[in-house]
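Enquirer: Got a structure for you, written out below as structure tokens; questions coming shortly.
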Amino acid sequence: MQFLPELTLLGAGLIIFIVSLGKATGDTTRNIAIGLGAAIFGATLLSSCQTGKLFFDTYQVDLFSQVFKALIAGAMLIVLLFGNKLKAIPQKVHPEYYLFMFMSVLGLMMLVSSVELLAIFVSLELSSFAVYIMVPMRDDEGKFRFQMEAGIKYLLFGVTATGFMLFGMSYMYGLTGSTELSVVITKLSTMWNNPAAVIAMMMVLAGFFYKLAIFPFHFWVPDVYEGASNETTAFIASVPKLAAVALLIRLVSLISGEGQAILNILMICAVVSMFYGNLSALVQKDIKRMLGFSGIAHAGFVLLGILTFQITGFANAMYYIIGYVLMNLACFLVICTVSKNGENVMIEDLSGLHKRSPIMAFTLAVGLFALAGIPPFVGFMGKFMLLAGALKEGYMLIVILAAINTAIAIYYYLSVIRVTYTADPEERSIVTPSMLTNATSVFLLTIIVIMGVLPQRFVDYASTVVQTIM
Amino acid sequence: MDQLLINPDYPHILSTLIFLPLAGAILLLFVRNEFFARYWALGITTLTALLSIPLIKAFDMTTSKYQFVEQVSWIKSLNIQYVIGIDGISILLVMLTTLIMPLCVLASWSYIKTRVQAFMVCLLIMECAMLGVFMALDFVLFYILWEAMLIPMYMLIAIWGGPRKIYASVKFFLYTLAGSVMLLVAIIWLYINNGYSFFIPDMMWQNYSSTAQIFLFLAFFLAFAIKVPMFPFHTWLPAAHVEAPTAGSVILASVLLKMGTYGFLRFAIPITPEATMTLAPAILWLSIAGIIYGGFTALAQSDMKKLIAYSSVGHMGFVTLGIFVLNTSGVEGAILQMINHGITTGALFLCIGMIYERTHSRELRDATGVGKHMPIYVTFLTFFSLSSFGFPATNSFVGEFLILAGTFEQSIWLALAAIPGAVLAAAYMLRMLQKIVWGGTDNPDQSWIKDLNIREIVTLAPFLFFVFWIGLGAQPFIDLIHVSVDNLLNNYHGFHSQIAVVTDLIVQ
């Protein structure tokens, strides 16, 4: 039972592999994938109360890991549900696409359970390599081939980041003589005045910063978001972030003592990410690129919770990233639905969407208002809690800078809503989302509002979850 | 918690007022029928207005406590409560809001032709948020409603607005949001320095350090001054007013602008009394600048909606003037004038909307002489115009008189500086009135223009009723606010035993 989600994923991969040998049509493959996704989600729920250690104590199963596994599986299921027919991906590779998606998720699930440096490395690579292959899987009829550029960029930046990470890990091992996370970090915490310790820590963090797209490891974001197919981008923009935050919390929660140097670096990363992300998003025309840049800013926000080094801060960060993933998925749902043949969606393509599909326009408006941090949606509550937590720790300046960022961000979110609701649709065609898409969007909207209006339960639960690893 | 009074005779009356429109809006989402949407919105808003009447009856005028209080823990981990209540400062604003809304629905009856259902949903959500803002006694609750209101208002302007609606709506949204982000930081600071409580009465009259107070005040000021809007933060207002549909303009002028001045009274003065003392002189002169600037700019307008919009800048300058002279007549006059401005300017926007519906122009020259064919209309317009520049026996006269009396008490120079504002108001209103009512016949034949119909008369009549009620017998209204204002000022002056020093400063 402890290893059930992972086993289910492996099984799912196998089934999809067998499907790929036959002559299943796109629809059949898709239905099988959705069924498997649901099964995986079910498995994570079934094993949610498991605890224990596996594989010579390198793999820890606890409430924290299991909840994050459920979240990851849930996010993947949503992506599968609104992914429609993988319009831009050649039909003959659909089974492979799903296979790699499952493998990536397997890596991410292993990542949240890993408590040993090499296990972390292996899981991170497993999840990354699958995505490296997913990114260029896109058919744009040989017109631009920017999916190739995206794939190569993602691969090169990813490999560089993991290179940094591996290097940092070797430092850690050299300094502490162990690869077990708890031992490593506890020992490192006593030697922050040794530059090697700080360098080691920063290099390891670089790996997660890459997944989370935090400055200065964000360079891949806009091009990869733009180049990958809409469904792949939706996946990259949400699922891996959950795992990255989980591991970041696991890592940082172990830091004790005078980690001032680390703290300063985290602060700078947070502030620069916010400004860089928001200012760059202002000028984007492709909505995926815009969401990519805004994602960088949101990652900066998440760091506000992490750098409090407190349970509440971690719980807030967890609440925020869950909220972020939901809001982001709501926006990507609309992008995937509006995009007719899987091409990229420019902001002007959303002109008059309210006339072409009121429910999609409404979903997008709620998603964007929520991302902008306007009440009563989850984005506001999340920001509010992160700011309150950071101010409690005395980071006044950072909080003011973050508040200024909220004001900057509203401009580009609003400009999209403006186009959706006021511009003339001209010749653009009616969008008819499927029942499944509509149901998914109603589900996302409901939960975005509920989490925003009644956050207590979610935050309490997040605190309980985080407490298990402290 | 001794500031709270729970009224057992009317349990949950405030919550009912807040959530009735919201429930109405949610139900309306599921019915796609224009005919039903209009009657439904009218029914819900009228019911809300009727339900608010007992507030006046049961309101205890002898205490400054918050009344009809409801208190439920909401977000425990942050100690955020759902706590609402009203006192003398907010009761009239609540009444104004509930009264205005059914009239806004009526005003949109034939004006709004597309997507009626969505329009009514926006109106109802607005009502819920606006009432909540005036009732909230928890700062987070206040902030949430304050911000949430931006969405329906943005939609009202952006979807049903005039030709430059996009520019206007975005400007409105960005200005007000940018203004309030620092308010959020201030709220969190207060929470941390105040025993981790967001309960507003607990935050008042505390000894925060002078520097902290100045920063808090500036954060408050930015948010509230933009909302008022005070000169020079007013630039979003004319655009928003001109482009908004009639109901939107009425809501903006009558209720939204009042939130800024309400914020000054509810938060700035009691939470940062020391900073208020230090910065009041600057704000007073800023108010004067607003009065004069608003007057002159209004005089130069050819677009009637713009004219009224700029006149609002001037009128709201009077309100902030009254607030920051910080004496009884000033503050009471200011609160009364908030209501008066809501009534008069709301009515004027309705009047202009009625001409616009007929001639499809807001230009003064196109409206020249239309009054000849609309005797009933002209009657209404004349009274509202007289009220707008504070003609005796109308409501604004009482308000302006009190404010000027308060200003005289404080400083004769200030009062003298404010008086040209009143003259300018007479000038621009009479200019408009003269053109519409007695203007020449340069325009093509306008004899086809019909006078007001019953619905329009019903819409305007309540405004006229209040113009004269407050104008001729303001005492009951002042009685409602008196004790709370007294309490506010006593606390304020108690806080500064050396208040005389300030007075001297201002005189000099």
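Each Cβ is built from the backbone N, Cα and C atoms, and glycine gets one as well.
Heads up, TrEMBL stuff is auto-annotated, nobody curated it.
In case it's useful when we look at the structure, here is the feature table from TrEMBL:
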{"type": "TRANSMEM", "residues": "B:12-32", "note": "transmembrane segment"}
{"type": "TRANSMEM", "residues": "B:39-59", "note": "transmembrane segment"}
{"type": "DOMAIN", "residues": "B:65-130", "note": "domain 'NADH:ubiquinone oxidoreductase chain 4 N-terminal'"}
{"type": "TRANSMEM", "residues": "B:79-106", "note": "transmembrane segment"}
{"type": "TRANSMEM", "residues": "B:118-137", "note": "transmembrane segment"}
{"type": "DOMAIN", "residues": "B:136-419", "note": "domain 'NADH:quinone oxidoreductase/Mrp antiporter transmembrane'"}
{"type": "TRANSMEM", "residues": "B:143-160", "note": "transmembrane segment"}
{"type": "TRANSMEM", "residues": "B:212-233", "note": "transmembrane segment"}
{"type": "TRANSMEM", "residues": "B:245-265", "note": "transmembrane segment"}
{"type": "TRANSMEM", "residues": "B:277-300", "note": "transmembrane segment"}
{"type": "TRANSMEM", "residues": "B:307-326", "note": "transmembrane segment"}
{"type": "TRANSMEM", "residues": "B:338-356", "note": "transmembrane segment"}
{"type": "TRANSMEM", "residues": "B:376-398", "note": "transmembrane segment"}
{"type": "TRANSMEM", "residues": "B:457-478", "note": "transmembrane segment"}
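Looking at the shown structure, can you explain where the listed features end up?
Expert: Non-local neighbours of the transmembrane segment (B:39-59) in the same chain are 7, 9-10, 13, 16-17, 20-21, 24, 27-28, 31, 67-68, 86, 91, 94-95, 98-99, 101-102, 104-106, 120, 123-124, 127, 131, 480; each lies 6+ residues outside the stretch with a CB under 8 Å from one of its CB atoms.
Secondary structure of the domain 'NADH:ubiquinone oxidoreductase chain 4 N-terminal' (B:65-130) per DSSP, as helix, strand and coil residue counts: 38 helix, 17 strand, 11 coil.
When Cβ-Cβ distances below 8 Å are used as the criterion, the transmembrane segment (B:143-160) is approached by residues 112, 114-115, 118-119, 121-123, 125-126, 129-130, 132-133, 136, 166, 168-170, 172-173, 176-177, 180, 183-184, 187, 240, 243-245, 247-248, 251-252, 256, 259 of the same chain, each at least six residues removed from its ends.
With a cut-off of 8 Å between Cβ atoms, the residues of this chain six or more beyond the transmembrane segment (B:245-265) that come close are 89-90, 93, 96-97, 100, 103-105, 107-108, 111-112, 119, 123, 126, 130, 133-134, 146, 149, 153, 156-157, 160-161, 220, 223-230, 237, 305, 308-309, 312, 316, 319-320, 323-324, 331, 334-335, 338, 341-343, 345-346, 349-350, 352-353, 356, 488.
Packing against the transmembrane segment (B:277-300) from elsewhere in the chain are residues 210, 214, 217, 221, 230-232, 234, 307-308, 310-318, 320-321, 324-326, 414, 417-418, 420-421, 423-425, 427-428, 431, 496, 499, 502, 505-506: each is 6 or more residues past its ends and has a CB under 8 Å from a CB in it.
Remote same-chain residues near the transmembrane segment (B:307-326) are listed as 228-231, 234, 237-238, 241-242, 253, 257, 260-261, 264-265, 269, 276, 280, 283-284, 286-295, 297-298, 301, 333-334, 337-338, 341, 345, 348-349, 352, 364, 388, 396, 399-400, 402-403, 406-407, 409-411, 414, 418, 421, 424-425, 428-429, 432, 489, 492 (criterion: CB distance under 8 Å, separation of at least six residues from the stretch ends).
Sequence-distant neighbours of the transmembrane segment (B:457-478) (same chain, 6+ residues past either end, Cβ-Cβ under 8 Å): 92, 99, 103, 106-107, 332, 336, 339-340, 343-344, 346-347, 350-351, 376, 380, 383-384, 387, 392-398.
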Enquirer: Which residues of the same chain, at least 6 past either end of the transmembrane segment (B:338-356), have a Cβ under 8 Å from a Cβ in it?
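Expert: For the transmembrane segment (B:338-356), the far contacts come to 92-93, 96, 100, 103, 107, 111, 241, 245-246, 249-250, 253-255, 257-258, 261-262, 304-305, 308, 311-312, 315-316, 319, 362, 367, 370, 377, 380-381, 384-385, 387-388, 394-396, 398-399, 436, 452, 456, 459-460, 463-464, 466-467, 470, 477.
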Enquirer: Sort out the residues at least 6 away from either end of the transmembrane segment (B:118-137), same chain, that have Cβ-Cβ distances under 8 Å to it, and list them.
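Expert: Apart from its flanks, the transmembrane segment (B:118-137) reaches 14, 17-19, 21-22, 24-25, 28-29, 37-38, 40-41, 44-45, 48, 66, 69, 83-86, 90, 93-94, 97-98, 101, 104-105, 108, 112, 145-146, 148-149, 151-153, 155-156, 159-160, 199-201, 245, 247, 251, 255-256, 259, 262.
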Enquirer: Are there residues at least six beyond either end of the transmembrane segment (B:12-32) with Cβ under 8 Å to its Cβ atoms? List them, or say none.
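Expert: Apart from its flanks, the transmembrane segment (B:12-32) reaches 40-41, 44-45, 47-48, 51-52, 54-55, 68, 70, 84-86, 94, 98, 101, 117, 120-121, 124-125, 127-128, 131-132, 135.
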Enquirer: Please work out the mean pLDDT for the residues of the domain 'NADH:ubiquinone oxidoreductase chain 4 N-terminal' (B:65-130).
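Expert: Mean pLDDT across the domain 'NADH:ubiquinone oxidoreductase chain 4 N-terminal' (B:65-130) comes out at 90.
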